[in-house]
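Let me begin by presenting the structure, written as structure tokens, before commenting on it.
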């Protein structure tokens with residue numbers, strides 16, 4: 001009994017430290033990718049094209065690395081892979097201190113940082129307790145979201161004092177995360193030293209076995225990120241508000257999401273599979289309606305209220321969807337499978353802004369991008385609604 005309590009204590013301690021490490025790494029990413037690179041053209045001679053390439057290539061590096069990182073963790077071990085990850089992240093941001101406006105350094109650092117954060121995410125997802133998946137995934141996504149937002153906002157404030165003088169803070173945050181890593185014990189589900197050819201075959205096998213999940217993984221990311229390029233235009237040109245009021249809408253959405261992830265996500269653990277299906281289906285339907293509603297609204301107060309509801313729904317939909325994905329994963333292939341899932345999600349997030357921007361550019365209307373995003377969620381609601389009904393009927397008859 002005492003041994004069991006000690007194991008639970010150590011497990012919880014490891015999980016909390018890993019959450020802090022994830023928060024710090026996403027904090028550094030938010031500072032560099034979402035703030036520093038985005039703001040640099042406004043205060044220096046660096047071209048917008050350079051920073052845009054750096055941001056895009058960061059997510060490409062992240063998605064590509066996710067595809068193979070689970071297999072590398074099994075083959076090389078967590079200590080080597082994570083140490084190299086922290087080293088790459090620290091080195092990439094340390095270079096920015098000395099060459100803050102060098103196009104080559106900015107792009108190279110973005111690539112290295114994209115590679116470096118990948119193993120943290122995969123290990124975090126694979127180490128979640130199955131009995132408390134909804135609650136713990138709420139904490140994981142909260143740490144991720146909080147890290148990105150606080151990092152971005154913090155760097156935005158610091159940037160106003162001096163664009164490059166405080167660049168050292170980014171590498172300092174990574175260094176703190178690196179030090180914390182030595183206080184946590186990371187275990188994999190199963191160490192694997194099979195030949196590379198067999199592991200590549202396993203990637204194909206994992207991909208084939210989880211095809212039913214890929215539309216949801218790919219299209220959710222694409223649908224949400226399709227709105228990113230057009231939201232500022234929608235706020236200033238359609239709703240007719242200032243950048244500050246637009247930022248408040250994002251903050252309200254973030255608050256709603258945080259409340260949901262911290263308090264509502266644990267509901268998923270207390271109910272059965274059918275409840276999870278209803279949350280996912282209902283989430284997709286509500287997202288369809290709320291995104292479509294944005295194309296009709298020109299009152300900022302209503303937009304703020306809608307932002308809170310969107311955040312609340314996202315905060316419970318994400319853990320429910322994660323629990324649904326986890327139910328398809330073999331217990332000894334968690335790192336590999338989560339890596340593939342993250343990679344597919346990353347590619348969806350890359351496609352979204354491109355599609356959203358092109359739709360607005362060619363149709364000359366931001367509303368058409370809202371229609372596209374809403375239709376994608378409607379498709380997901382119908383697709384998975386039919387799937388859930390079939391699975392539920394099969395369960396009843398068996």
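Every residue gets a Cβ built from N, Cα and C, even glycine.
Owing to the predicted nature of the structure, the values given are computational and were not obtained by experimental measurement.
Annotated in Swiss-Prot:
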- 15-40: transmembrane segment (TRANSMEM)
- 46-73: transmembrane segment (TRANSMEM)
- 80-99: transmembrane segment (TRANSMEM)
- 105-126: transmembrane segment (TRANSMEM)
- 138-159: transmembrane segment (TRANSMEM)
- 165-184: transmembrane segment (TRANSMEM)
- 212-234: transmembrane segment (TRANSMEM)
- 246-264: transmembrane segment (TRANSMEM)
- 276-297: transmembrane segment (TRANSMEM)
- 303-326: transmembrane segment (TRANSMEM)
- 338-359: transmembrane segment (TRANSMEM)
- 371-389: transmembrane segment (TRANSMEM)
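Put simply, of 105-126, 165-184, 212-234, the stretch with the most CB pairs closer than 8 A to the transmembrane segment (15-40) is 165-184. Pairs of Cβ atoms less than 8 Å apart link the transmembrane segment (80-99) most often to 165-184, out of 46-73, 138-159, 165-184, 246-264, 303-326. At the 8 Å Cβ cutoff, the transmembrane segment (276-297) and the transmembrane segment (338-359) share fewer than 3 close pairs (sequence separation 6 or more) and do not count as touching. Here the transmembrane segment (212-234) sits against the transmembrane segment (303-326); at least 3 CB pairs are under 8 Å, leaving out pairs fewer than 6 apart in sequence. At the 8 Å Cβ cutoff, the transmembrane segment (246-264) and the transmembrane segment (303-326) share at least 3 close pairs (sequence separation 6 or more) and count as touching. Tertiary neighbourhood of the transmembrane segment (105-126): same-chain residues 18-19, 21-22, 25-26, 28-29, 32-33, 37, 40, 46, 50-51, 53-55, 57-62, 65-66, 69-70, 72-73, 78, 81-82, 85-86, 88-89, 91-93, 95-96, 99, 140, 186, 188-189, 322, 334-335, 338-339, 342, selected by CB-CB distance under 8 Å and a gap of 6+ residues from either end. Counting same-chain residues at least six beyond the ends of the transmembrane segment (338-359), those with a Cβ under 8 angstroms from any Cβ of the stretch are 56, 59-60, 62-71, 118, 121-122, 125-126, 203, 206-207, 210, 213-214, 217-230, 325, 329, 368-369, 372-373.
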